[in-house]
Amino acid sequence: MLPVYQEVKPNPLQDANLCSRVFFWWLNPLFKIGHKRRLEEDDMYSVLPEVRSQHLGEELQGFWDKEVLRAGNDAQKPSLTRAIIKCYWKSYLVLGIFTLIEESTKVIQPIFLGKIINYFEHYDPMDSVALHKAYAYAAVLTFCTLILAILHHLYFYHVQCAGMRLRVAMCHMIYRKALRLSNMAMGKTTTGQIVNLLSNDVNKFDQVTVFLHFLWAGPLQAIAVTALLWMEIGISCLAGMAVLIVLLPLQSCFGKLFSSLRSKTATFTDIRIRTMNEVITGIRIIKMYAWEKSFSDLITNLRRKEISKILRSSYLRGMNLASFFSASKIIVFVTFTTYVLLGKVITASRVFVAVTLYGAVRLTVTLFFPSAIERVSEAIVSIRRIQNFLLLDEISQRNRQLPSDGKNMVHVQDFTAFWDKASETPTLQGLSFTVRPGELLAVVGPVGAGKDLQLLEDGDLTVIGDRGTTLSGGQKARVNLARAVYQDADIYLLDDPLSAVDAEVSRHLFELCICQTLHEKITILVTHQLQYLKAASQILILKDGKMVQKGTYTEFLKSGLDFGSLLKKDNEEGEQLSVPETPTLRNRTFSESSVWSQQSSRPSLKDGAVESQDTENVPATLSEENRSEGKVGFKAYKNYFRAGAHWIVIIFLVLLNAAAQVAYVLQDWWLSYWANKQSALNGTVNGGGNVTQRLDLNWYLGIYSGLTVATVLFGIARSLLVFYVLVNSSQTLHNKMFESILKAPVLFFDRNPIGRILNRFSKDIGHLDDLLPLTFLDFIQTLLQVVGVVSVAVAVIPWIAIPLVPLGIVFIFLRRYFLETSRDVKRLESTTRSPVFSHLSSSLQGLWTIRAYKAEERCQELFDAHQDLHSEAWFLFLTTSRWLAVRLDAICAMFVIVVAFGSLILAKTLDAGQVGLALSYALTLMGMFQWCVRQSAEVENMMISVERVIEYTDLEKEAPWEYQKRPPPAWPHEGVIIFDNVNFMYSLDGPLVLKHLTALIKSREKVGIVGRTGAGKSSLISALFRLSEPEGKIWIDKILTTEIGLHDLRKKMSIIPQEPVLFTGTMRKNLDPFDEHTDEELWNALQEVQLKETIEDLPGKMDTELAESGSNFSVGQRQLVCLARAILRKNKILIIDEATANVDPRTDELIQKKIREKFAHCTVLTIAHRLNTIIDSDKIMVLDSGRLKEYDEPYVLLQNKESLFYKMVQQLGKAEAAALTETAKQVYFKRNYPHIGHTDHMVTNTSSGQPSTLAIFETAL
């Protein structure tokens, strides 16, 4: 394992000087690296010592422990909020000073703006004192602008760091708690819940710290602005403020509506993704049943419901954005209409001071303040949830050391234990035994007997547990065993490490490892493998938690005790080991697969017999990473928009956007024009007191109102249309992608893991539905405003265009330079986040193992190391975005300086209104410009999702579902199948899995197909169903299978698959997705397979919704449903891919019997794993590595001692082979010489009746 703190690059921030800290210069080397090549984890700077996970966690934990003590003394409930405040209030309060300075500066700026405009209103070329004053004001204005640019980003960086600190400390505490949870507490919480605390709840801290200070800054600023406005324009300012106050509840009302819609949408999305998951998982079956259309309709309906909700919530968002866009317009309009109607005179300085002041307060009041309230309420909920978790029971930490003088022994006297304090029945009762060094105690008993060992969790112990659930259970078991042996303890508790591996490995482990390596130690082995009991010094037999007997192997043999009967409560119990319905105690041992072996076991082909198709599925996968490098092409944008609407609509959309922006600018321009006319009038009359009012109010006010209304309407129309087009586009692309997936050949699903395909449908489509339209609209709005600002400035002072060019070039270079690095940082941030979660969930699964190994410390250190790695990436993520923002704001500040001083230099040619317009616009550029750039980068990032979806809309397709040439409806009425020199491979470049196969299967023949794993048995069926196109010819009743459509072919053959698949939905849909049968037919089919009672007991009978993929039925029952499907289809050809592992003997017998009854008149192909099921077939096909080796009647094949089939039968053991041969003989004589009926009858009774099936079952066990 890696050392916990490997040497990383020291953090340059530690010894950066003030200037470097303010402008983030210390990051420059990182950007240089990012410019040259891709950033890797080694390029990240190490975390600052004060942000180390361990340091932060222990600090906060200290405050929390004190709080728990205090609450205990005062008999109150401890408050996590109080602990957090005590820990962080000082450092966070300092940041409040930043907020104060920044928000005050925003309020002061407009005053100086007013002074500058004032100079123009009373412009006198001779007055040099006024000019110097004006220059001073301009200097103060630019100084304010610079302060804002710098302070804002420092502040944001520091509050985000504060958020990070709190989050990291919380995570440390949650993990520490998780390791100490008692058994009871584990029952009250779930792994999912803990992971959720760590993934969602703590993220609220990152957001809450950013806005928290606005809770007091917002109202203060609003009061200050109102006071200033009162001084400027008197009582009419209240009208504007009133509008602002009205907008607040309106926005929060939108927010409420939006979140309720959001949760409804989320449920639809969940259902859609769950269904998608089932479709992709069961795609083989869906294709073989030709059920694609049914699922296509299902998903389309779900998606339609989801999209209608998404459209609604998008329109709400659109309204919200539009209201934000036009709020300032409406406020200014109301204010000045009131002002003019009160008979006051409008002047440029007043207009633009008011406009700028409203601009300052609007952001705070309509955006930051509500966000703060929302975030705080979210954070309080999260804190409450975390607090409840932190108050759960812990296990007591005992640290007694056993004397280590080699005189150890384990002595247990009358021991009784419960899983849960609350449960009635003891898991273990009245145990007594003693084990000395060098002895091996074996513990045996049926499932659920209570061999759980972790009750002995003290002392110098080593535990191995394994469930062997994954494919490579065997490897996992070996890793565990080895790990335990290397620990070299004195006492070993082995919890059935042998059952997960095959017999050969198991014997090897037992002899070498358990008997030799550990022969001097005290060893307790829990096992199901009876063959190893001979070696045990003593044996303890448990049943139902009680000790049945204790003694040595020889004693037991003498007393005539049958070990086998002990392990079987009854036959079914033994078989049902893997059926989830049996509530066995093993579900909760430390077998919860141990922590480290989780990472170490990779599926190996040795342990799990993997079907041949999987061996060549060496994933020829598309690598995902390289998609996210480089630019998104113009083509992606084109396809994205074209998917949403016709190009005429798109042209209209562009024009609408332009119109909205023009109206927006014109409204302000009209005010300045009006003020200019007014001051010109004042200037000419000069003193004729009455004349000032003479401007035609109706005309000016009328146009002003018209422009305001136009701005609002265009703004709303544009928002809604953008959302309509983009959500529509998401819908179209989803449908195209889904259609393309359904028509993709099976190979595609073998090559791409389910997760990757699902990701397109969940994450990427989620982006298209939700985030992309919003970000896109936001980007378009801000971009147009930036363009508006610049064009107004250029229109007023054409000379501005000259400095604009270099600024523009610098900006474009900066953006590209920044994106090279930021993309990598973002990628690193998400890749370093996942180990934190995987470490948490594997720790929770292996909790017992961690405790047994006393590895809590080690795990906590590892967790902290993972957290620190993520903090490194997060730190870079925060600082790099600030690096860019500071530089962008610097460009904007330059622009403000140019406009301010430029207008003073050219004072002769300008009037006050124009200067006011240009300057107040330039000031709004500050935050807006960098927001625009950031959104552009976001849009580009999200367009990657669009590219990934588009990539899946044109996958290679399998043959069409229907051709012009359709087979006659009654086809195939004979069921004759001819293979004529068939070759088959799964992919064009793959190996041949069937080679030159030629065979004739006559009408109504029953054919068994046998062969070793990978012989090509399943491939034969794939070729028949054309899951991939075979070479050569396959005829069914004189029709070439390759000449008809896939659905026409697949619908005519029934298959009972090896893995029974049920889909979420009703039982009726599962039997008959196209509603082709009557209720009576369905009930009859269910009665045939003995499921009628089971279904009738369900609340809604056949219309009961099944749990996810039918998990409320046992495997056997699911297999019976598959049989019922086959009975309903009434096809002439039935194919059975025999299920062995999971079905109990009764069900198995029922299935065999039904197949012999119901399908007597059909052609039946059975892929067999147990020879007894096919020994009475008409013919047997023996395949070996893709070739047909033998094809004849079973009895004939058995006569030939050299045949593969004979050898396969002999491998089963003498008694078994004799029974099978006898059965084959009778079937042969019955079929070929039916007149010798009498003796035959007698024979059947003796040898091939009931006993033989039982004997066969015994060996299968």
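Here the Cβ of each residue, glycine as well, is placed from N, Cα and C on the backbone.
What TrEMBL says about a protein is an automatic prediction, not a curated fact.
What TrEMBL records for this protein:
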type	residues	note
DOMAIN	93-377	domain 'ABC transmembrane type-1'
TRANSMEM	134-157	transmembrane segment
TRANSMEM	208-227	transmembrane segment
TRANSMEM	233-254	transmembrane segment
DOMAIN	316-569	domain 'ABC transporter'
TRANSMEM	321-342	transmembrane segment
TRANSMEM	348-369	transmembrane segment
REGION	589-624	region 'Disordered'
COMPBIAS	591-603	compositional bias 'Low complexity'
TRANSMEM	645-666	transmembrane segment
DOMAIN	651-941	domain 'ABC transmembrane type-1'
TRANSMEM	703-727	transmembrane segment
TRANSMEM	796-818	transmembrane segment
TRANSMEM	884-906	transmembrane segment
TRANSMEM	912-933	transmembrane segment
DOMAIN	977-1210	domain 'ABC transporter'
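Summarised as a single figure, the pLDDT of the domain 'ABC transporter' (977-1210) averages 82. Here the transmembrane segment (703-727) sits apart from the transmembrane segment (134-157); fewer than 3 CB pairs are under 8 Å, leaving out pairs fewer than 6 apart in sequence. When Cβ-Cβ distances below 8 Å are used as the criterion, the transmembrane segment (233-254) is approached by residues 222, 226, 316, 319-320, 323-324, 327, 330-332, 334-339, 342, 344, 350, 354, 358, 361-362, 365-366, 370 of the same chain, each at least six residues removed from its ends.
Using a cut-off of 8 Å between Cβ atoms, the transmembrane segment (348-369) and the transmembrane segment (134-157) share fewer than three residue pairs, counting only pairs 6 or more apart in sequence.
Counting only same-chain residues 6+ beyond the ends of the transmembrane segment (134-157), those with a CB under 8 A from a CB of the stretch are 21-24, 95, 98-99, 101-102, 105-106, 108-109, 112-113, 115-116, 119, 210, 878-879, 882, 885-886, 889-890, 892-893, 896-897, 900-901, 904, 923, 926-927.
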